[in-house]
C-alpha cells in the first residue's frame, strides 16, 4: 500500500509518500516539488550581487546564507593570496547576527511547527498552543518579534538583511544600540525562565545528567511529557552519524561515526542527482521524484543540525540525553531547544565584547570584478545545520555557484543502496503521525532544500 | 552653477516625485461619508470570528489611548487626513468581517515572516485575532489533507468576498511543473487561477508575487512571472518589496474594510498611499545628500557620520516605497539606517537592473516612471557649490507634493 501525505506548516510544502507492508512503513519518499533555480540565476552575475541574492533562498535563514556568501567571497581573496583584514568587531557583529537568527528560528519552530502536531496526538486540552489563537502561541510570536529587533538594529531589517560585505560589515552600532540589543535578549531570557522551561538560566546551563530532564517545567515539560507518552524517546533514530562543518563560539567542527573526530575535509563532500529532477530533461534520471539532491560525506549519509552540533562539541546535558535516547525525536528536539538557551547566553556576552572604536569595515585592496579566475568554498552553521557555499569566478563574473543546505543533508533522497538520514528514521514506523513528527524533528525547509 | 541648478530642478520636480497625494477637501468629505456608511453596513454583518477588538487590546494592557495613537499613525500611512482616525479605529475593529486567504507559491516565506512581525497595538491581537485569516499554509493549525479541506471550505463559504493574498511567483515554463501543490499535483498557475476566480480582489505580496522577483531574474530558469500576468478580470493590488512591509499589507486590508474598495493604485498597481513617493523624498540621510555629503566607501568618515549612501549604490532616489517612514521590524530599523543603502527591492526587475554596489550612474538603468539616472550622480558631485540651491528647490518641491501636510498634521513624521 502507498499513502501520500502533504507536510505543510513548513517553509513551502513537502510530500511524504510511504509504502506500507502490514502496517509498517517499508519505504519513504520525501518529495520537494517547488524549484526556483538560484544556482542558474547566480551565473554570470557580478560577485557582490550574490550578497543580495542568496539571503532570499530562505525567509528564515537568510543571515546564514548572507554569511556564507560574504565568506565565500573573502575566501576567493584568500585563495589568491590577497590578505583580507577583518576586525574583531566585524567578526563579532556577524556571529551575533547569525546567533540571533538561530535563536529566533528555534523558538518559532517549537511553537509553530512541533507543538501543534504533537499536542494533536493527545486528548488533553492543549488549546493554549493553538496556532493564531492560543495564548502560548501568541506569546511566542510576540517574543520572537522582540528578539529579531535586536538583529534589525545591526542588519537594518529582517528577513533578508545584507549588512555584511567582504571586508566587514556596513553597520556601526552605538553603545545605545548595543544596550538595546542586550535588552531584547534579556526579554528572551525572561521568556525562557518564566514561560518556556520554568528554570533559571544559570541552573539550566549547569544541567549535566539525563535526570535533569525532570527539573524542566512549563512549555518544554509539556513537550517532554508528550514525547514519553507517545514513545518519541524511542523513535526517529537514523544512522546516528553526525557532521558539523564550521566552528563558532558555541560549535566545534567535526564528525562523529561512533567517535568524534574534530577534522573535516570539504573535498570529501559529494552531491548526487540519482533521484533529482533536472532542468535539462535529457540529463534527468528516469527515477527522479524530487528537486532535492542528496549529499554524502566520505561516501556516507551524515546528519547535520543542533543534535549533531551538541554531540560534536560535547555539550553536557544533550550528550547525556544522546547516550540514553540516541538520535530519537526527543533528543533531536531537546538539542535544538538547548542550543537556543546556550546561544542566548553566549550572544549576550559577545555583544559585551564589541569595541565600538574599532572599524567595521576595511576595504579589500582589489575589486572582485577584476579577478580573472578563482574558486572558493565556505561553511556556516545555520539554524537547521551545516550550510555550504561553493563559488567559481571567471573574468569578474560568477561562473558557478553551488549551495548545499542543511536540509539537503538530512532530507534529500537516498541512493540505490541506502536511504537518506530522514528516510532511515521513518522506515519501520507504524503510523503516519509518527512519521510526520519524525520528519518535522529535522526542521524541514522545503524552499532551502531545492533553492 | 546654472547647469547644476537645472539638474537640481529636473531631479526634484520630475513627475516621478510628484504623485498627487492631497486630493482636496471635497474628495475627503465624500470619502468620509462613504466610509461611515460602509462601516455601518459592515457592523450589521455577523463577525466571522466572535471577538471584540477592544476587549483583546485592553486585556493585553494596551489602553484605548495607545490604540488610538496606532490608528492615527495608520491613518497617516494610508495618506488620509486626521479626521479619518476614528473611522480607521472602527475599521480595525471590523477587520474580522473580511476573510483573508493567503497562499504561497514560488517563494521563500519571507513575507509571511514579515507579517508575523507586524506592527500593531500588539501584532498577535490585531492581525491574528481580528483579521479573519481563513487559510495560511505556514501558520495555520491544520496541516496535510485537513488543510486542503480547510482551504476548499474557505473559498466555498466566502465566495466572492475573500481577499486572496499571494506570496511568491508563478513558474510557467515546462507547463508549470517547477511548482506544484497539494496531493493532486495542481500547478501553482492552476492553483492561483482557481482561487482568484471567486476572490473579491487579489493582493500580490512581495516582489516575487508582484513582478516575478528573484525567480524571474535572468535567465529566469523556471519562466517565473508575477500575479498580474496570470490573474485577469479581477482587481490586483501589488505590494512589492522584499519583504513587503507588513504595515502596507494591513493598510490594504484596512482600506478595503473602510471603503469597500481597493486603494488608488499607480501604473504598476501599487497603492499610492505606500508607493506614491520615493524613499529618497523622506530619507533620514536626505539632508546630507542636499549638502553634498556622501559615504565614499563603507567604514569611512562619511559612514561613521551617517552621510548619504548614494555613491555606494543606494537606489533610494528611484525607488518608490514608504520604508523610510514606516521602517521594518516594528520600526526598529531599515537598511539605510545601518548604512547599507536601498537596493530598490520594490521596483520591477531590480535583481537584474539595480545591482548591488554599482552606482546608479554606471548602471544603465531607467526608472519606470522617469527618474534621476545619470543626472543625480553628476549633480551630487558638483553639489558642494550648489548646496543652497538644492535646499531651496527641495523645500519648494515638498510643498508642491503636498505630502508633508498629511504627515505633519498627524504627528507621524
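A Cβ is built for glycine as well, from the same backbone N, Cα and C atoms used for every other residue.
For B:108-255, the entry in TrEMBL reads domain 'NADH:ubiquinone oxidoreductase-like 20kDa subunit'. If you look up TrEMBL, you'll see B:108, B:208, B:242 marked as [4Fe-4S] cluster 1 binding site. Sequence annotations record features per position, and here TrEMBL assigns domain 'Cytochrome-c3 hydrogenase C-terminal' to B:275-355. What TrEMBL lists as [4Fe-4S] cluster 2 binding site is B:280, B:283, B:308, B:314. According to TrEMBL, the [3Fe-4S] cluster binding site annotation covers B:323, B:342, B:345.
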So among B:108, B:242, B:314, all listed as binding-site residues, which is physically nearest to residue B:323 ([3Fe-4S] cluster binding site)? Use the C-alpha atoms. B:242
If I take the Cα of residue B:314 ([4Fe-4S] cluster 2 binding site) as reference, which of the binding-site residues B:108, B:242, B:342 has the closest Cα? B:342
Using a 10 Å cut-off between Cα atoms, which of these binding-site residues sit near residue B:345 ([3Fe-4S] cluster binding site): B:108, B:242, B:280, B:283, B:308? B:242
Looking at the domain 'Cytochrome-c3 hydrogenase C-terminal' (B:275-355) alone, can you tell me the average pLDDT? 88
Reported as an integer number of Å, what is the Cα distance between residue B:208 ([4Fe-4S] cluster 1 binding site) and residue B:280 ([4Fe-4S] cluster 2 binding site)? 23
Looking only at B:108, B:280, B:283, which of these binding-site residues has the biggest number of Cβ atoms within 10 Å around its Cβ? B:108
Note down the number of other Cβ atoms within 10 Å of the Cβ of residue B:342 ([3Fe-4S] cluster binding site), including every protein chain shown. 29
Length of the line joining the Cα atoms of residue B:242 ([4Fe-4S] cluster 1 binding site) and residue B:342 ([3Fe-4S] cluster binding site), in Å: 11
For the recorded [3Fe-4S] cluster site formed by B:323, B:342, B:345, which further same-chain residues have Cβ atoms within 8 Å of the site's Cβ center? B:241, B:279, B:315, B:316, B:319, B:321, B:334, B:335, B:336, B:343, B:344, B:346
Tally every other Cβ atom lying within 10 Å of the Cβ atom of residue B:314 ([4Fe-4S] cluster 2 binding site). 28
